[in-house]
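These features come from TrEMBL:
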- 12-32: transmembrane segment (TRANSMEM)
- 38-64: transmembrane segment (TRANSMEM)
- 85-108: transmembrane segment (TRANSMEM)
- 120-143: transmembrane segment (TRANSMEM)
- 155-175: transmembrane segment (TRANSMEM)
- 195-217: transmembrane segment (TRANSMEM)
- 238-255: transmembrane segment (TRANSMEM)
- 261-293: transmembrane segment (TRANSMEM)
- 305-326: transmembrane segment (TRANSMEM)
- 346-365: transmembrane segment (TRANSMEM)
- 377-396: transmembrane segment (TRANSMEM)
- 416-438: transmembrane segment (TRANSMEM)
């Protein structure tokens with residue numbers, strides 16, 4: 001029996017309700033001063049609303065999302081027609097302003113839309129552009145890409161919501177973390193008595209991020225636009241994923257975020273779900289080494305592995321340059337955290353990089369224990385584990401691309417690069433050990449010839 005499509009009224013009401021709840025939650029968290037868990041609260045209301053109404057309207061709840069879908073459609077890919085984009089954007093804007101009126105009535109006051117103290121419009125604008133890009137790029141890949149749409153994955157809402165956690169703590173400390181023209185306009189309108197106008201550059205920066213997401217989506221998934229998948233798409237995916245990861249690391253550290261490990265893990269998880277089926281979403285030379293050494297991926301040749309590592313390192317360095325620029329030249333060193341020793345760093349980085357690499361092998365590579373839905377969350381959770389467990393010892397890098405990026409940025413402040421070489425050696429050792437242990441614990445994955453060779 002055919003299922004009828006939702007009516008236009010149903011779609012528009014869904015967009016209004018979802019955007020209203022999102023903007024209301026933003027306002028209540030800001031006015032309620034829930035700085036530590038505000039980002040989680042906002043991410044969760046977005047996530048549950050996406051799952052609740054995604055099958056009705058597509059659950060955009062954000063003009064930038066609607067615009068990026070419109071651009072994708074106009075380029076010959078999946079997305080929305082411009083008439084629908086206009087209708088959705090109008091309803092989302094109205095819902096945002098209505099929610100702003102509601103939170104002002106609840107708290108008896110409003111708050112301004114401005115860059116945080118010490119930052120200018122360009123610093124804030126870059127944060128808005130970059131994380132609106134991440135948000136819309138993830139939406140395109142997990143919800144609009146033809147492969148994921150056909151397979152009907154169950155992680156799309158979680159992946160999209162996690163982008164909010166990724167951006168709320170690091171970038172949010174600079175710009176306020178809107179990533180949504182409906183949020184920016186609503187906040188600015190609610191505080192218009194104290195001045196109005198910041199929403200204009202915010203919206204422009206956010207729409208620029210949405211446009212960039214559409215362009216890079218086409219490059220990462222040319223098959224969705226009538227082209228063919230290429231090795232360049234894989235390398236671009238590795239570059240982008242590592243860039244987002246290292247950018248989130250740097251912004252959280254510089255913001256002294258209490259939820260840094262959670263935010264960084266959220267960025268990793270979201271990008272794994274976005275491009276995991278394109279490149280494998282390694283984003284980490286230690287992971288690439290572990291997969292190569294495990295012998296389970298015939299496609300990962302020595303040349304391809306080397307190219308992956310090069311893309312990851314480049315992504316880390318570019319991201320480090322970006323967070324240093326956003327923070328007006330500020331960077332931070334790579335090395336033992338105050339009170340820790342190098343011997344502690346050796347143990348911490350090797351063991352927890354082993355954990356990360358081993359879990360990747362188990363949930364994303366093994367034919368026996370692979371998880372088709374939970375793989376991204378499980379891998380990202382390792383960063384949460386390591387970040388909180390050893391962040392006070394080594395900083396919890398767990399990734400040579402992160403280590404090289406951090407050390408490269410700190411060269412401008414007179415830092416030394418050799419620490420990145422030490423960290424990278426430890427992390428690569430952890431990845432190599434993970435491959436060896438995996439071959440022992442998952443010998444059922446080996447064909448008979450390999451198994452006999454291993455036993456011998």
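Note: Cβ is positioned from N, Cα and C throughout, glycine not excepted.
A TrEMBL annotation is a machine prediction, not a hand-curated record.
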- What stretch of 38-64, 85-108, 120-143, 155-175, 377-396 shows the most Cβ pairs under 8 Å to the transmembrane segment (12-32)? 85-108
- Note on the structure: Beyond a gap of at least 6 residues from its ends, the CB atoms lying under 8 Å from the transmembrane segment (346-365) belong to 276, 280, 282, 284, 286-287, 289-291, 294, 296-297, 371, 374-375, 378-379, 382-383, 385-386, 389-390, 393-394, 396-399, 423, 426-427, 429-431, 433-435, 437-438, 442
- Message: With Cβ-Cβ distances below 8 Å as the criterion, list the same-chain residues six or more beyond the ends of the transmembrane segment (416-438) that contact it, or say none.
- Response: 285-294, 333-335, 342, 345-346, 349-358, 360-362, 366, 394, 397-400, 403-404, 406-408
- May I ask you to check whether the transmembrane segment (155-175) and the transmembrane segment (238-255) make contact, with contact taken as at least three Cβ pairs under 8 Å and only pairs 6 or more apart in sequence counted? yes
- Task: Mind pulling out the one from 38-64, 261-293, 305-326 with the most Cβ pairs under 8 angstroms to the transmembrane segment (238-255)?
- Result: 305-326
- Cβ under 8 Å to the transmembrane segment (261-293), counting only same-chain residues 6 or more beyond its ends: which ones? 39-40, 43, 134, 137-138, 141-142, 147-148, 153, 155-156, 158-160, 162-163, 165-170, 220-221, 229, 233-235, 237-238, 240-242, 244-245, 247-249, 252, 300, 302, 305, 308-309, 312-313, 315, 353, 356-358, 360-361, 364-365, 375-377, 379-384, 386-388, 391, 396, 398-402, 424, 427-428, 430-432, 434-436, 438
